[in-house]
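Trainee: Below: one structure in structure tokens.
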Amino acid sequence: MHDIDEFLRKHHITEIEAIIPDMAGIARGKIIPRSKFESGESMRLPQAVMIQTVTGDYPDDGSLTGVTDPDMVCVPDSSTIRIIPWAVDPTAQVIHDCVHFDG
């Protein structure tokens, strides 16, 4: 996380696109303010995000989503951080790895 914090300071980043690739290779995630990203609070996403179809729908049978659709923890991969040159505000993008709460 130290490498990421240093990068954010150096480039005056105000927002982070925290993304994960889903099963179809589509980027899913959240845009979060730098202060929340640096707080050390882990980002969470529902597990069902991973099985969305390319149209944003879910499989019809429901066997993969479950009843509760628990969250997964998203851990930033510091080697993937990049500046988004087309963003109006100084923004970085970081690909995350997804893990269960127990690691």
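Backbone N, Cα and C define each Cβ position, glycine as well.
What TrEMBL says about a protein is an automatic prediction, not a curated fact.
Reproduced below are the annotations present in TrEMBL:
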| type | residues | note |
| --- | --- | --- |
| DOMAIN | 11-103 | domain 'GS beta-grasp' |
Trainee: With DSSP as the reference, give the number of residues of the domain 'GS beta-grasp' (11-103) in helix, strand and coil.
Mentor: 13 helix, 35 strand, 45 coil
Trainee: Summarise the model's confidence over the domain 'GS beta-grasp' (11-103) as a mean pLDDT value.
Mentor: 85
